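Notes to accompany the following structure.
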Amino acid sequence: MSRRVVRQSKFRHVFGQAAKADQSYEDIRVSKVTWDSSFCAVNPKFLAIIVEAGGGGAFIVLPLAKTGRVDKNYPLVTGHTAPVLDIDWCPHNDNVIASASDDTTVMVWQIPDYTPMRNITEPIITLEGHSKRVGILSWHPTARNVLLSAGGDNVIIIWNVGTGEVLLSLDDVHPDVIHSVCWNSNGSLLATTCKDKTLRIIDPRKGQVVAERARPHEGARPLRAVFTADGKLLSTGFSRMSERQLALWDPNNFEEPVALQEMDTSNGVLLPFYDRDSSIVYLCGKGDSSIRYFEITDEPPFVHYLNTFSSKEPQRGMGFMPKRGLDVSKCEIARFYKLHERKCEPIVMTVPRKSDLFQDDLYPDTPGPEPALEADEWLSGQDAEPVLISLRDGYVPPKHRELRVTKRNILDVRPPAGPRRSQSASDAPLSQRTLETLLEEIKALREQVQAQEQRITALENMLCELVDGTD
């Protein structure tokens, strides 16, 4: 009886390759801020990178197709008064991005499909609630307009971006600086790591710690953690001997890790990027020149080393493309955007196949851009898995969709509830008639402004077409 020595897996030969020189983004002054975020965020339409900026904080947003040398006068997104520390694209609207800054604010921006003529300086909304720097952002995976921010004040705030309201504030869970926050697949739980060396699983709506593990890694350097597809946790950290480690945990039994992998002795924090569809985790160390990747399975030893992609230059940060932005015709299963000191270089991970047909086994249905819940539904206790789409015919991003912010009016002018005599407009009190007139006038003016904005957008689009034509 022959014993199978080699483990069967369709991902045993994942092949990493850096893009050709003309596919990179050159002459970008990547931020030099000492902060352990990825400095880069990408979606099927745009690439955003935190850059060096005098007199405040800025990031640049480039259409994916705009490769090559970037003009030094290319418009930036500038609104923060201190360095930008983290950026994150909204998973339900490819034109909306949030930025967090040392100036204690979170700003949400609408990025137009055309190239703006000047810097974008006006956010859709500014979220103010933290008392110290805000270093972590994460959009809710399934609920519309729900954004999480974590600050140096050890507080996690969950916002409704559509109204500017604070939905939840977790201010007594973490005794020290929060290093990472991750939602699970349906957004019902959070995994956080903290400077107090504790890995926590939190139910944000109850404000409770569901499970926790003190010192999942013995070393002193920061930890990171992400949820896997089946609710387990992957954490990266350091051993007592400063060896970098990857551990897999079952939250129902936090005593011992399900699996533990030791790697090397480097002091760069390992940023884990987990792909739920293939159950592969990619580890990118800041200052490393390699990306290691492992497959997570249900069979021992649970964490299987696949390969390492190595290059010559160290990485300053890394962006990870959502699955719907990949080229399925080339069997691409992941794409990274590696930041150098002055450029951004795409790195493509493929599974070589001989057939040109769509590979069903590589591309199960994946989360699409439609939210499964509204913010108030999620807050009331509802949960829903992401709305999935097929990648069989490739994914085409939808046209520009505007995020509308409707701030709740604290000075509510509605009459108190209860039985009252019906009144005609003529015998209503003067103050109420004045109020109705004012509201009608405001409505008319809003409609005029909206029409003007649409006209401006149409003219700008025509201008861009003319400029492209003369090129």
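Glycine is no exception: its Cβ is also placed from the backbone N, Cα and C atoms.
Per TrEMBL, compositional bias 'Polar residues' is recorded for 421-432.
What TrEMBL lists as domain 'DUF1899' is 4-68.
Per TrEMBL, region 'Disordered' is recorded for 408-432.
Here TrEMBL flags 77-119 (among others) as repeat 'WD'. If you look at the repeat 'WD' (77-119), the same-chain residues 6 or more away from its ends with a CB under 8 A from one of its CBs are 31, 33, 35, 37, 40-46, 48, 50, 53, 56-61, 63, 66, 125-128, 130-139, 141, 144-145, 147, 149, 151, 159, 161, 322, 367, 369-371, 397-403, 457, 460-461, 464.
Long-range Cβ contacts of the repeat 'WD' (127-169) within its own chain (Cβ-Cβ under 8 Å, at least 6 residues beyond either end) map to 35, 37, 82, 85-92, 98-108, 175-178, 180-183, 185-187, 190, 192, 194, 204-205, 207, 367, 371-379, 383-387, 403-408. Here TrEMBL flags 127-169 (among others) as repeat 'WD'.
The feature repeat 'WD' is assigned by TrEMBL to 171-212 (among others). Nonlocal intrachain contacts for the repeat 'WD' (171-212), taken as residues 6+ away from its ends with a CB within less than 8 angstroms of a stretch CB, comprise 36, 135-136, 138, 140-143, 146, 148, 150-156, 158, 222-227, 229, 231, 233, 235, 249, 251-252, 254, 276, 378-379, 381, 383-386.
Applying DSSP to the domain 'DUF1899' (4-68) sorts its residues as follows: 3 helix, 24 strand, 38 coil. When averaged over the repeat 'WD' (127-169), pLDDT in the model lands at 97.
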